[in-house]
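Below: the structure, in structure tokens.
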């Protein structure tokens, strides 16, 4: 389990970054190397990882946190017509220490960024972040000094949900993409002090994956049919 400690007198990073973002690099699946080294233990560890990831992705507890109008659409996904309980994410937590993932839903102002960082640091590993809405993704229409131009400037984001605001169905699709990403993760099965060495698969962009289907559409529905 990894804790992020932030000192009050912490010196700024050489590159000007205010948050210790994770370092990413391309690598092969560690399970494949283990299988060639020892077939039995490699397969056993692969099964254990898959089982643990299956339990994690079907019991994601969200943190009750919102910033703007996108939060209204997020809470709508918890109502009966959408039934987010189908995905095991109906248990909303009021404390970040009991939550598994945080949804940044709405406009993130500069004064709010340190608060979001502190709440994120209070979450225990493993933890994930969903950026919901245009304002959280890139600042939206607020290209001004007081709005952070994307929460990925100071937080590691796992899934981006576009829209202004996104519909509840878009949030549910983002939740499913997060589940797919968690299933492919490789994390230590025991307690680890220091770098956890998390392996995450490269997820394809949905914009590129659905490009041919979008181009094939020739007749658009009217607003009252959407």
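Every residue gets a Cβ built from N, Cα and C, even glycine.
As given in Swiss-Prot:
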REGION    1-32  region 'Disordered'
BINDING   69, 70, 135, 164  [4Fe-4S] cluster binding site
REGION    204-226  region 'Disordered'
COMPBIAS  208-226  compositional bias 'Basic and acidic residues'
Secondary structure at residue 135 ([4Fe-4S] cluster binding site) (DSSP, helix/strand/coil)?
helix
Tally of helix, strand and coil residues over the compositional bias 'Basic and acidic residues' (208-226) according to DSSP?
11 helix, 0 strand, 8 coil
For the [4Fe-4S] cluster site given as 69, 70, 135, 164, which other residues of the same chain have their Cβ within 8 Å of the site's Cβ centre?
68, 73, 105, 106, 107, 132, 133, 134, 136, 140, 163, 165, 166
Across every protein chain in view, the count of C-beta atoms other than its own within 10 A of the C-beta of residue 164 ([4Fe-4S] cluster binding site) is 12
Go through 69, 135, the listed binding-site residues, and name the one with the sparsest Cβ surroundings, counting other Cβ atoms within 10 Å.
69
